Amino acid sequence: MAKDIKFSADARAAMVRGVDMLADTVKVTLGPKGRNVVLEKAFGSPLITNDGVTIAKEIELEDHFENMGAKLVSEVASKTNDIAGDGTTTATVLTQAIVHEGLKNVTAGANPIGIRRGIETATATAVEALKAIAQPVSGKEAIAQVAAVSSRSEKVGEYISEAMERVGNDGVITIEESRGMETELEVVEGMQFDRGYLSQYMVTDNEKMVADLENPFILITDKKVSNIQDILPLLEEVLKTNRPLLIIADDVDGEALPTLVLNKIRGTFNVVAVKAPGFGDRRKAMLEDIAILTGGTVITEDLGLELKDATMTALGQAAKITVDKDSTVIVEGSGSSEAIANRIALIKSQLETTTSDFDREKLQERLAKLGGGVAVIKVGAPTETALKEMKLRIEDALNATRAAVEEGIVAGGGTALITVIEKVAALELEGDDATGRNIVLRALEEPVRQIALNAGYEGSVVIDKLKNSPAGTGFNAATGEWVDMIKTGIIDPVKVTRSALQNAASVASLILTTEAVVANKPEPAAPAPAMPAGMDPGMMGGF
């Protein structure tokens with residue numbers, strides 16, 4: 001395929017146009033008075049959202065060079081979302097600010113490599129300063145406060161803090177759609193392990209790329225499943241019940257995997273295969289945990305069992321199983337309460353005798369998975385559009401809350417970024433490195449400027465007053481008042497803020513050091529088919 005190539009200033013200018021189109025769309029959502037963005041969907045009603053990463057992923061530009069700039073910023077939002085689960089709009093605003101300030105200096109003749117070095121040094125200093133002013137989050141009330149700020153709903157904050165109290169900070173919390181209009185919290189027994197489906201063709205929901213199995217059977221084995229004939233009699237028995245099947249095995253390969261996938265695609269029966277969690281002796285123990293939780297038996301040579309001899313009585317059962325590309329969640333296993341209690345007691349006794357910190361950590365993980373359960377927040381709303389928007393907000397809030405528990409909190413509303421300016425400004429750098437530092441200093445102001453602008457205030461005035469205010473005091477854009485941010489509950493998780501800054505600085509630096517951009521040349525439109533010989537155009541009925 002032929003390529004289009006742009007160089008130097010032309011290349012950077014084209015990419016920056018794409019950066020601006022995406023960032024200008026996303027940044028209107030920032031802050032307590034941020035607006036919504038309406039996204040057209042190929043099917044169904046439009047999606048109304050203020051979630052930065054959701055908006056960024058939807059944007060495709062016609063110009064290939066501009067689209068590359070937009071996609072790089074979208075990558076910043078996605079990466080921040082993957083690491084911290086929130087802060088995607090802040091990351092986008094920071095990226096745009098660093099790119100714009102950097103481009104001015106590069107155009108004026110500054111060395112992009114020196115600027116990049118200065119940006120990296122200043123960013124590292126800002127991150128350390130953020131960690132130094134972080135306050136730990138503990139207690140139900142503090143957790144509820146973090147969740148309420150992220151979701152813009154005190155009720156959601158209460159649900160998330162209640163869920164984390166019930167299943168632990170590292171417990172499994174899922175978000176589902178409610179059948180009614182009310183949002184409610186439900187805690188059910190369950191287990192999660194870090195293994196996803198072996199083929200994406202096994203998913204049942206193509207939009208979310210997850211496989212949901214209702215009332216499934218579970219085959220648990222530490223063997224490889226390579227020959228489909230080994231499990232064919234068992235598959236035929238499961239097929240008669242018209243219920244789905246989850247296969248947990250050392251691996252599923254050879255002819256077995258394509259055969260299972262083909263039957264899934266044809267709709268013969270619903271089957272999902274995942275690899276067994278853990279390794280070595282720990283894998284055997286975890287498979288036994290799953291078997292006890294689900295009322296099944298591990299098909300293993302240790303018990304003298306072969307796959308070809310497995311019967312329906314060896315299969316575990318559960319009310320529901322959800323599998324995505326990275327993890328499997330088993331909800332309401334059919335194992336007996338007595339067997340589960342005995343297993344928990346055994347693990348606790350092993351905890352008392354182990355001398356290895358690593359073994360202790362893994363035993364505690366197994367204990368939490370067996371006894372902790374799964375919290376389900378069932379989201380209700382009057383319309384489908386409102387339901388989707390609410391789900392996105394709760395997902396962001398849950399991620400932000402976990403990030404806050406992990407690394408602590410700082411004053412929100414961009415205040416913490418203004419606070420660390422003093423530390424960054426104190427860096428003694430020279431030449432283009434100093435220019436890079438100054439670019440970061442200007443970018444650190446941008447989230448506050450945008451929050452103020454979205455709320456109808458002049459950003460520069462707010463920033464000047466903020467720089468001269470006592471530590472911890474900030475601007476509440478929702479009310480227009482100057483308050484103690486943390487006491488008022490306007491807070492941001494450190495992990496969210498630092499991830500946004502680190503990812504923004506990384507990608508913005510790459511854009512500034514770009515000297516050539518290569519894009520695919522658009523394919524020429526195919527010529528219209530020739531009219532048959534001897535045919536009179538007037539015979540076409542005037543169309």
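Note that the numbers count up from 1, one per residue, in the order the chain is shown.
Including glycine, each Cβ sits where the backbone N, Cα and C put it.
Per Swiss-Prot, the features are as follows:
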| type | residues | note |
| --- | --- | --- |
| BINDING | Thr29, Leu30, Gly31, Pro32, Asp86, Gly87, Thr88, Thr89, Thr90, Gly413, Asn476, Ala477, Ala478, Asp492 | ATP binding site |
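Structural mapping of features recorded in Swiss-Prot.
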| residue | record | Cβ within 10 Å |
| --- | --- | --- |
| Thr29 | ATP binding site | 21 |
| Gly31 | ATP binding site | 24 |
| Asp86 | ATP binding site | 31 |
| Thr88 | ATP binding site | 30 |
| Thr90 | ATP binding site | 29 |
| Asn476 | ATP binding site | 18 |
| Ala478 | ATP binding site | 15 |
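Secondary structure at Gly31 (ATP binding site), as computed by DSSP, is coil. Secondary structure at Ala478 (ATP binding site), as computed by DSSP, is coil. The secondary structure of Asp86 (ATP binding site), as reduced to three states from DSSP, is coil rather than helix or strand.
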